[in-house]
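These notes are about the structure you will find just below.
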Amino acid sequence: MGELFRSEEMTLAQLFLQSEAAYCCVSELEELGKVQFRDLNPDVNVFQRKFVNEVRRCEEMDRKLRFVEKEIRKANIPIMDTGENPEVPFPRDMIDLEANFEKIENELKEINTNQEALKRNFLELTELKFILRKTQQFFDEMADPDLLEESSSLLEPNEMGRGAPLRLGFVAGVINRERIPTFERMLWRVCRGNVFLRQAEIENPLEDPVTGDYVHKSVFIIFFQGDQLKNRVKKICEGFRASLYPCPETPQERKEMASGVNTRIDDLQMVLNQTEDHRQRVLQAAAKNIRVWFIKVRKMKAIYHTLNLCNIDVTQKCLIAEVWCPVTDLDSIQFALRRGTEHSGSTVPSILNRMQTNQTPPTYNKTNKFTHGFQNIVDAYGIGTYREINPAPYTVITFPFLFAVMFGDFGHGILMTLFAVWMVLRESRILSQKNENEMFSMVFSGRYIILLMGLFSIYTGLIYNDCFSKSLNIFGSSWSVRPMFTIGNWTEETLLGSSVLQLNPAIPGVFGGPYPFGIDPIWNIATNKLTFLNSFKMKMSVILGIIHMLFGVSLSLFNHIYFKKPLNIYFGFIPEIIFMSSLFGYLVILIFYKWTAYDAHSSRNAPSLLIHFINMFLFSYPESGNAMLYSGQKGIQCFLIVVAMLCVPWMLLFKPLILRHQYLRKKHLGTLNFGGIRVGNGPTEEDAEIIQHDQLSTHSEDAEEPTEDEVFDFGDTMVHQAIHTIEYCLGCISNTASYLRLWALSLAHAQLSEVLWTMVIHIGLHVRSLAGGLGLFFIFAAFATLTVAILLIMEGLSAFLHALRLHWVEFQNKFYTGTGFKFLPFSFEHIREGKFDE
C-alpha cells in the first residue's frame, strides 16, 4: 500500500543478450513495457551504429506506407482498425515486407501516372469541345455588319480605301476565368487596340489533372491582322498560361472535328473509369492491412533503435544493455527474456544482472485511467525526486474540493457532472474513434478530474445553498417574523415607517436553530447577505488554507523519516510546524472560539479578530477598545510570538553548524581521505567487495553530507539555509493570504451568476403575456449559452487555474522538491495508439 504514496523502487540492471536472440528479447521487453534502456554509445554517431542499415530500411518501408496512406485518404477510403496487435516480424520477414510495399508503391505510382496522362488528354479534349461549340457563335457574329464597323480599326485607312478583301487571322483557346480582365487589358495595351477579343464562360468547372481541383475557365477567340500581331498574341497567351487549340475556319470542318472529339471523349471516359476502378481495388485492399503494416514496421524500427543503444562485446556474439526497471517487475522481465530466447531458437539463455550504482534512478508512479490525470497535474509542476512522497493521491480529493469551494453552485455542478459522466460512459467509443482535435483530447483526458470537480461543486453548492444564484428552500427557513410582533416591539407603524428591518435572534422564536444542511435560504433575500457570506467564506478560506499547508508540512516528515535525515526532522520539520501552528494555527483556534463563545445575546460585544491578530504582533494591548476574548490572552499570545521567533534561528543556524562540526570531526579523524576503492557489489561477484569506512547508502543520513568527491562549503550551506528559512517564514504569511482567493473566486462566481439571472432570465419571467412566453424561449437560449460560455467554461477555467496554483505553490512547496526525471519505458502500446513520433 505504501507504493501508492511514493514512487516505485527502481533498479539498474545489466542484460547479456546473445546476438541471435537479442531481437526477440528486446521485442518481448518492449511488448511488456517495463524497462527503460540507457544509451551505452553516447559518443557514437547515429549513422555509425551497428543496426543503422536496418533502421534505414524500416524508415524506407515507413515512407512507402505513408505514401499509400496518403493515397487512401485522398480517395476517401476508410482505413480499417480492428484493434489487432500483430506480432513483431522476424528479421528474415523484412525482405518479404519490402517486396510487398515496393510492389504496391510502384503499382500506385504507375496508375497515378497513367491516370494523370489520361486526365490531361481528357481535359484537352473537353476544352477543345467547348472551343468548337463557342467559336461557332463567334464566327456567326462576324457576319454581322455591326461587328464589321466595330473591328474596322484593325485595317489601315489606306487599305480600306483600296477595297481589299477583309482577311483576319485568329487564335482560340481556354484560360482561367479570373485572369480574363487582366488578359484583356494586356492585349489592348500591347497590341494598341488592333485585336478583337471575344470570350464566353464554360458553365461547368473542369478538373485539373495535377491537383485534382476543379477550376472555372473561359473560352476566348482573338482576331488580328498580320504575323507580327499573331506572334504578340501567342506570347501573351503563353504568359497567361492559356491553352491554345487549332480551330478550323469552315463550319463543316468544325462540325466534323467536334464529332470526332466527342467520340474520343467517350472512349477516354471509359478508360478513365476502368483505371479508377482498378485504383480503388488496390487502395481498398491496402486499407484493410495498412494499420497492421504500420505497426509491424514501426515495431521493427523501435527494436533496432533500441539495439543501437546496446554495446557489443569483443567476440561479437553478445549484446550488453543497461536498463532501469521497477524491482517489482523483475520476475516478469525474466519471463519476457525467457520467451524471447525460446522464440529465437537460441540455446543460450539471456542474463539479467542487478547492478549497484550511485546514480539517481528515474521516478515511476503507477497510475490507472482514474489517477492518470491527477498525476499529470503533479508532474506538470515537476517530476518527483526518486522515492519522495507523491502528492497525487491527496490531490485526487483536495484539488476538486478547492476548485468546488471557488465554483460552488449546485446547478453548475450538475451540468459539469453530466458532461463528465457522458465522457466516462462513452470513453470506449471515443477512444476507438481517435479524435485528433487537440482541445477535446485534452478535456477528455481529464474526464475524471471534471467528474470529481462537478460532484464537489454540487456539494459546496448545497453548502452555500446556491443554484443558479437562487436558494433552495428544502427544509424550510429557521427564521420567523411573527415573534417580532408577538414578543418583540414591532407594530404596523414599524413596517410602514422603516424601509429596512432587522430580525433579532435574541427574541425567542425568531431563530429556530441552524438550518439542517448548508445556509438558510432566507439569506438570499436579506440586504446584508453579502456581509454575512463574505465573513463566512473569508474565515472558511483561512481555515482550509492553514489546514492544507499544515498537512503539506506534515508530509515532509515522512520524507525525512524515509530518507533517514534526522537533521531535517529536528531542525526543519519541528520548527516549521511550531512556527506555523503558533501564528496561524492559533488564528484558526480563535475563529472557532469566537464562533462558539458568542451567541445572539452577546454577539454585539464580540471583539474583532483582525484587530486582535494585529495587536498580537505589535505587542499592543490598549485598555479601551477591543475587549479580550478570554482571560490570559495577553500572556499566551506573547508566548506564542516568542516561540515563533525562536523557531527562526532554530531553522537558520543549527543545521549548518552541526554539518560543519561533522565535517571537521571526520576531517580530523582522517576518514574522509581513506584510501579504499569502491567497487559495485553485484549479486554474482561476491568476491569483488572492498568496503570503505565511510561508504554511503542511498537511504542514509550521510546522503546529504559531503563525500570525498565534494568539499564542504560552510558559506554555501549557510546561504542555502538562510534562503530556505526566509522563504518559509515569509511564505507562511503570503501563502495564507493566497488562500483568500477561495473567497474571492467564490464571491465573483456568485455575483456573475446573479447578474446573469437578473439581466437575462428575469426579463423573460417578468413579462406576463403570450409574447413573454414566446420571448422566454429565446431568452432562455441566450441564458443557457451565456451560462455555459461564461460561468462554466471561463469561470471554471479560472477556478481550475487558481486551484492549480494553490497546489503547486502553497501545498507542494512544503514537502515536494520535484527535481527528478521521469521513467520512460518504451512500449509498443504507444505504437498501437499511434503515438510513435512522441
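Even glycines carry a Cβ here, placed using N, Cα and C.
When the topology recorded in Swiss-Prot is consulted, Gly382 and Asn559 turn out to share a side of the membrane. It is 86 Å from the Cα atom of Tyr364 (phosphotyrosine) to that of Thr250 (phosphothreonine).
Counting other CB atoms no more than 10 Å from each candidate's CB, the modified residues Thr250, Thr360 peak at Thr360. A coil conformation is recorded for Thr360 (phosphothreonine) in the three-state DSSP classification, outside any helix or strand. The DSSP secondary structure for Thr250 (phosphothreonine) is coil.
Taking every recorded stretch in 536-555, 574-594, 640-659, 772-810 and counting its Cβ pairs under 8 Å to the transmembrane segment (389-407), the highest total belongs to 772-810.
The stretch in closest packing with the transmembrane segment (772-810), judged by the count of Cβ pairs under 8 Å and taken from 536-555, 640-659, 726-750, is 726-750. Sorting each residue of the topological domain 'Cytoplasmic' (427-441) by its DSSP state yields 11 helix, 0 strand, 4 coil.
A Cβ distance under 8 Å defines the sequence-distant neighbours of the topological domain 'Cytoplasmic' (427-441), meaning residues of its chain 6+ beyond its ends; these are 81, 83, 369, 447, 834. Distance from the CA of Thr250 (phosphothreonine) to the CA of Thr360 (phosphothreonine) is 92 Å.
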